[in-house]
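Chemist: Sharing a structure here in structure tokens format.
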Amino acid sequence: MQQDKVNLLGLNQKAIEDFFISIGEKKFHARQVFKWIHKKGVIDFDAMTDLGKNLRHKLKEKAQITIPKVVFSKASKDGTHKWLIDVGGSAVETVFIPEEGRGTLCVSSQVGCTLNCSFCSTGKQGFNRNLSAAEVIAQLWIAARTLSKTDGEHDFTVTNIVMMGMGEPLMNFENVVPAMDIMMDDLAYGLSRRKVTLSTSGVVPRIYDLLEQSGVSLAVSLHAPNDMLRNEIVPINKKYNIDELLEACKLYAQKGPHKHITFEYTLMEEVNDNLSDAEELVALLKSREVPAKINLIPFNPYPGTPYKKPSNNRIHRFKEFLQHNGFVTTVRKTRGDDIDAACGQLAGDVMDKTNRKQRYLKKLGDTNAN
């Protein structure tokens, strides 16, 4: 029985070294291949010119470097890029957002999501499966290859990663952490821990694990100033409440790379955007002594949602109150609306479990027909 070939794409440096030792080869050859894949973007063993012929032949027998297919990609007039990537009959989306002096890649970790936050379009798809480490890092590999040129107006260079795409990354810990290891490896993409941010809805035990095993920057999707409201819109709060979450955040801020936690707060009209909500949020964060920056995200409506985007006046009032009380506060700019890439639209068409594959196959067929 033929043994399945190992996909080297998702192996971090230690794992690829272990693989090479298992096939009777030396560690330094593993580092050579690792660098070819991620630093140089080469996935053909025969093109790895510093490897001997016998080693290249052995690798072709025992290993492969498999990149998922891009079903389609779109570029917005504001420079935002979005890719729909085939992951074995389903699809995930990856978004690149260029800004002055930086380029941020938003990476997905699951097909769908397990957490079912009431306002999130991805949650309406239901949950299919976790992505493999190879499927996670492939999103950066694809983006880095695609964005290696400049169009004269935008500088398309990935300088920052945010694990804020489809899915809850801490529910796919075993695959996300090795992928982030590759992102931060100097032989690969060389990003610092400060430049890789994982966003979680509050899987508290895994926050402690993340601090111990990775220590990347942490963002927390808070969205509510009290347990009653958060139980309703972020259901995982029923398992790990705000007190438990903020206790973990306080420790992470003490030992993590930024010495603060970024709290994301999606503003929904007459749900959590009242001045009383802002007052409660300030009191909460001050009483728990969590060093915090706050990123306000105006809700982006999608078909079938009951929630609405607040007026600019309400958004400004909320922001001003937080700033007046000493919190560094930003309002996320809406980007990529013309390609459905803005935050809250990562699911594109809202797909549930029953029609996700049919719509995916239709898009694949339409793409192949063009």
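Heads up, the Cβ atoms here are built off N, Cα and C, so glycines get one too.
Marked as active site, proton acceptor by Swiss-Prot: Glu93. Residues annotated as active site, S-methylcysteine intermediate in Swiss-Prot, with sequence analysis given as evidence: Cys343. Summarising the annotation, Swiss-Prot assigns S-adenosyl-L-methionine binding site to Gly167, Glu168, Ser199, Ser221, Leu222, His223, Asn300. Look at Swiss-Prot and you will find Cys106-Cys343 tagged as disulfide bond. Taken from Swiss-Prot, the feature domain 'Radical SAM core' applies to 99-337, supported by sequence analysis.
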Chemist: Return the member of Gly167, Glu168, Ser199, Asn300 nearest to the residue listed as 'active site, proton acceptor' in space, with distance defined Cα to Cα and candidates limited to these binding-site residues.
Modeler: Gly167
Chemist: Any idea what the Cα distance is from Cys106 (disulfide bond) over to Glu168 (S-adenosyl-L-methionine binding site), rounded to a whole Å?
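Modeler: Computed Cα spacing between Cys106 (disulfide bond) and Glu168 (S-adenosyl-L-methionine binding site) is 13 Å.
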Chemist: Average the pLDDT scores across the domain 'Radical SAM core' (99-337) and report the rounded value.
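Modeler: Averaged over the domain 'Radical SAM core' (99-337), the predicted model reaches a pLDDT of 93.
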Chemist: Relative to the Cβ of His223 (S-adenosyl-L-methionine binding site), which residues of the same chain, six or more apart in sequence, are found under 8 Å away?
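Modeler: Cys117, Phe119, Arg230, Ile233, Val234, Glu264, Tyr265, Thr266, Asn272 - these are the non-local Cβ neighbours of His223 (S-adenosyl-L-methionine binding site), listed in sequence order.
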Chemist: Any idea which of the recorded positions Cys106, Leu222 has the thinnest Cβ neighbourhood at 10 Å?
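Modeler: Ranked by other Cβ atoms within 10 Å, the recorded positions Cys106, Leu222 bottom out at Cys106.
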Chemist: Please classify the secondary structure at His223 (S-adenosyl-L-methionine binding site) using three-state DSSP.
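Modeler: For His223 (S-adenosyl-L-methionine binding site) - judged by DSSP and reduced to three states - the answer is coil.
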Chemist: Using a 10 Å radius around each Cβ and counting other Cβ atoms from all shown chains, which of the binding-site residues Ser199, Ser221, Asn300 yields the largest count?
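Modeler: For the binding-site residues Ser199, Ser221, Asn300, the Cβ with the most other Cβ atoms within 10 Å is Ser221.
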Chemist: Within 10 angstroms of the C-beta of Gly167 (S-adenosyl-L-methionine binding site), what count of other C-beta atoms is obtained when all protein chains are considered?
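Modeler: Step by step: centre on the Cβ of Gly167 (S-adenosyl-L-methionine binding site), count other Cβ atoms within 10 Å, giving 29.
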Chemist: Find, for the listed recorded positions Glu93, Glu168, the residue with the lowest Cβ contact count at a 10 Å cut-off, counting only other Cβ atoms.
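Modeler: Counting other Cβ atoms within 10 Å of each of the recorded positions Glu93, Glu168, the minimum falls on Glu93.
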